[in-house]
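Asker: Input: one structure, supplied below.
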Amino acid sequence: MANVVVVGTQWGDEGKGKIVDWLSERADIVVRYQGGHNAGHTLVVNGVNYKLSLLPSGLVRGKLSIIGNGVVVDPHHFVAELKKLRDQGVKITPEILRIAENAPLILSLHRDLDATRESGLSGLKIGTTKRGIGPAYEDKVGRRAIRVMDLAETNTLMAKIERLLAHHNALRRGMGVAEINSQALYDELMQVADEILPFMDCTWRLLDESYQVGKHVLFEGAQGALLDNDFGTYPYVTSSNTVAGQACTGSGIGPGVIHYVLGIAKAYTTRVGEGPFPTEQINDIGEFLGMRGKEFGVVTGRKRRCGWFDAVLVRQMVTICGVQGIALTKLDVLDGLDEIKICIGYELDGKRINYLPSSMGAQARVMPVYETLEGWKEATAHALSWEDLPPQAVKYIRYIEKLINARVALLSTSPEREDTILVTDPFAD
């Protein structure tokens with residue numbers, strides 16, 4: 001029996017959706033353990049595109065899917081995404097979808113605050129999706145969040161709302177924004193309560209019971225480890241922990257329950273929003289990668305910044321997340337290039353270093369040190385075995401493995417789930 005954590009090792013958009021969908025056939029349960037609806041991914045199943053940003057990927061396969069306590073849940077978006085999937089023919093009932101009773105809710109006031117802050121910042125733009133994720137996590141840490149279970153306790157809900165508004169209305173007065181009426185917020189929550197509560201459960205107990213009888217659990221991370229609130233490119237990060245260890249605290253399981261950590265990495269690098277990006281290519285190569293890779297955000301539609309593979313960053317996240325194997329995606333995007341560069345180190349103030357410093361100033365000053373490899377003209381798209389790959393593509397993969405201290409367990413050669421080469425099965429006992 002094995003339980004697997006899937007974590008992005010870059011800045012998100014690594015192709016986790018396809019890999020999670022591919023692995024979900026081997027799993028009994030799929031769990032989202034952090035983030036909100038700010039990070040989207042697309043699944044391609046039988047030619048149909050499913051765009052998800054909050055609901056676990058396992059739903060498309062009819063697997064028991066859990067939204068863990070580490071996720072912040074926008075109840076209105078939950079209802080909308082549920083309807084969208086159902087309209088596409090996906091059958092979703094409380095029997096296959098559960099939400100942790102102690103998951104915090106994202107409210108309209110969180111979205112307002114997020115947008116007001118982002119538009120009002122002078123100089124420092126974080127590049128948030130303005131969906132209220134950060135403010136919702138602030139209220140969780142500040143012990144004033146409205147949680148899923150509170151929707152069922154209407155006799156105490158108003159008191160919790162008033163406590164929350166004591167904080168938020170003070171902020172709004174300071175920003176010159178109209179205050180929120182407690183009854184209006186109560187009514188807003190009651191509009192969706194009946195659609196949320198049937199899915200509520202004590203999910204840590206459900207996971208423990210499943211573990212005791214040998215169920216296979218797949219823990220699905222959102223975003224990427226380089227957006228982690230502690231280990232990412234702070235302050236250009238998200239508001240939750242995105243490293244693999246968050247699978248434990250974000251779902252209510254112990255570290256011993258995790259048997260394999262699978263890191264996801266693109267064969268090049270992308271980033272959405274602001275922040276340092278040492279290997280970014282603001283040139284024809286960047287345009288080529290963006291167009292060939294269709295690099296536009298699922299949630300925001302924003303154009304992604306593109307650059308060469310950064311082995312320094314991926315190796316750093318492999319170490320921090322305890323990654324045992326890598327799923328390498330979008331190798332086919334590199335088809336046809338005469339040469340391909342890999343960042344193997346940095347220069348910082350005249351010195352060679354092999355890690356990304358935590359200091360924002362140092363991160364902005366590092367200069368990539370590249371090694372250039374010969375490209376390949378043959379197609380890797382839709383390859384189903386190593387024998388189908390050009391020799392130079394295999395050489396590129398092997399060099400990445402050496403640089404990041406992790407072997408490739410899966411290789412994705414197109415968005416279609418069937419175009420996946422399995423080297424090591426993460427669920428193997």
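Keep in mind that glycine also has a Cβ here, set from the backbone N, Cα and C atoms.
Got these off Swiss-Prot a minute ago, pasting:
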type: ACT_SITE; residues: ASP13; note: active site, proton acceptor
type: ACT_SITE; residues: HIS41; note: active site, proton donor
type: BINDING; residues: 12-18, 40-42, ARG304, 330-332, 412-414; note: GTP binding site
type: BINDING; residues: ASP13, GLY40; note: Mg(2+) binding site
type: BINDING; residues: ASP13, GLU14, GLY15, LYS16, ASN38, ALA39, GLY40, HIS41, THR129, ARG143, GLN223, THR238, ARG302; note: IMP binding site
type: BINDING; residues: VAL298, VAL299, THR300, GLY301, ARG302, LYS303, ARG304; note: substrate binding site
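Context for these features, please: burial, neighbours, distances.
Answerer: According to DSSP, ASP13 (active site, proton acceptor) sits in a coil region rather than a helix or strand.
Annotation note: HIS41 (active site, proton donor) sits in a strand segment as assigned by DSSP.
The Cβ of ASP13 (active site, proton acceptor) lies under 8 Å from the Cβ of HIS41, GLY224, LYS266, THR270, VAL272, GLU295, GLY297, ARG304, each on the same chain and at least six residues away in sequence.
Using a 10 Å Cβ-Cβ cutoff, HIS41 (active site, proton donor) registers 23 neighbours.
Neighbour list (ARG302 (IMP binding site), Cβ cut-off 8 Å, at least 6 residues apart, same chain): VAL272, GLY273, PHE296. ARG302 (IMP binding site) carries neither a helix nor a strand DSSP state and counts as coil.
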Asker: Highest CB neighbour count within 10 A among the binding-site residues LYS18, LYS303, ARG304?
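Answerer: Its Cβ has the most other Cβ atoms within 10 Å: LYS18.
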Asker: In whole Å, how far does the CA atom of GLN223 (IMP binding site) lie from that of GLY12 (GTP binding site)?
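Answerer: Per the Cα atoms, GLN223 (IMP binding site) and GLY12 (GTP binding site) stand 4 Å apart.
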Asker: Have a look at the binding-site residues (ASN38, THR42, THR129, GLN223, THR413) and report the one with the fewest Cβ neighbours inside 10 Å.
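Answerer: Counting other Cβ atoms within 10 Å of each of the binding-site residues ASN38, THR42, THR129, GLN223, THR413 gives the minimum at THR42.
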Asker: Check the Cα-Cα distances from THR129 (IMP binding site) to the binding-site residues GLY12, GLY15, LYS18 and tell me which is shortest.
Answerer: GLY12
Asker: Using all protein chains shown, find which of the binding-site residues GLY40, GLY301 scores highest when you count other CB atoms within 10 A of its CB.
Answerer: GLY40
Asker: Which one, from the binding-site residues GLY12, GLY15, has the smallest tally of other C-beta atoms lying within 10 Å of its C-beta?
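Answerer: Comparing Cβ neighbours within 10 Å for the binding-site residues GLY12, GLY15, GLY15 has the fewest.
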Asker: Using only C-alpha positions, which one of GLY12, GLY15, THR413 is spatially nearest LYS303 (substrate binding site)? These are the binding-site residues in the record.
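Answerer: Among GLY12, GLY15, THR413, GLY12.
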